[in-house]
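Dumping what Swiss-Prot says about this protein:
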- Gly64, Pro65, Glu66, Ser67, Ser68, Gly69, Lys70, Thr71: ATP binding site (BINDING)
- 335-352: compositional bias 'Acidic residues' (COMPBIAS)
- 328-352: region 'Disordered' (REGION)
Amino acid sequence: MSDRRAALESALRQIEKQFGKGSIMKLGEVSNIQISTASSGALALDIALGVGGFPRGRIVEIYGPESSGKTTVALHAIAEVQRQGGQAAFIDAEHALDPVYAAKLGVNIDELLLSQPDTGEQALEIAEALVRSGAVDIIVVDSVAALVPKAEIEGEMGDSHVGLQARLMSQALRKLSGAINKSKTIAIFINQLREKVGVMFGNPETTPGGRALKFYASVRLDVRKAESIKVGNDILGSKTKIKVVKNKVAPPFKVAEVDIMYGEGISREGSILDIGSEIDVVQKSGAWYSFNEERLGQGRENSKVFLKENPHIASQIETKVREYFSLNPSSVPEAEAEHDPEQDEEPTFDLE
């Protein structure tokens, strides 16, 4: 055994000499085995992902039908990374990013790096350069379907370009995956849906760009609208289901239900109420919601309004929920409140 041990030590020294220190190591010697994450900005999705958010140094694919909320989910992740002091980049291949909407979701558009490339090759080369810099914490590509190969752009309308996009994605991901892992960048690829022709049995839906992204992605999210949120005759948003169809860092197939409110994004208060009432942090009696014997409101929408007007209570509930699911409590936004200890009245909260 001593001869084998000596041979192994000699081989390890040779590998480190040739490829550099850290090129091979025992798994127990790795300083941080725990997966580092960044909150998705949606409490329900953090819980469904199993590790408290999107894993750093991994590839994430978000796909679903049109107007289902894919870009909204990605923008919330960007806003959360920026809130923690990170740098974000958005590669807008669809040329459709609305900066006003992004700002409403909490994105700091003054600091967001934006690229609107002409070709798929250009988009992926920009992504690679940003990842290899090691200075970008999250990068979003919107969308894979809009990454048009240069040959297709320069060709005639109607020319056949079979498999060009799939080859482009396959080559890019081969180059990107290692760099993404080393730089601990979260790489989010938004994708569309297509129908397979002639499928009689099984799911006819597929995503463009070939199979490479399906293999390289550590997390795949399927975003679907469930139903509209109405107050009277007015439609204010939609209940949306986000299914974790692939997860390499936690058990898959969990579903997060969130409220996407038009012009506001994912409702933080809605997730707090739903999950809080499921685990009895928030008590529900009939139509009334209450927390620590204080009534929040009658009906879900009224209770959401109350939590929006009282962010300190919302933060208390969210902290208890995160403790229950062993999630990172630092992801709870602090209520921006000024309180004078000499005053006996309730603290006032600036909602502007």
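From the backbone N, Cα and C atoms, a Cβ is placed for every residue, glycine too.
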Which residues, sitting 6 or more apart from Ser67 (ATP binding site) on the same chain, put a CB under 8 Å from its CB?
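Result: Lys225.
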Quick one, of the binding-site residues Gly64, Pro65, Gly69, which Cβ has the fewest other Cβ within 10 Å?
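Sparsest of the binding-site residues Gly64, Pro65, Gly69 by Cβ contacts within 10 Å: Pro65.
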Cβ within 8 Å of the ATP site centroid (Gly64, Pro65, Glu66, Ser67, Ser68, Gly69, Lys70, Thr71 excluded): which residues?
Val223, Lys225
So how many other Cβ atoms are close to Thr71 (ATP binding site), meaning within 10 Å of its Cβ?
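Looking across every protein chain shown, the total is 24.
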Near Glu66 (ATP binding site), which residues of its chain come within a Cβ-Cβ distance under 8 Å, counting only those 6 or more away in sequence?
Gln192
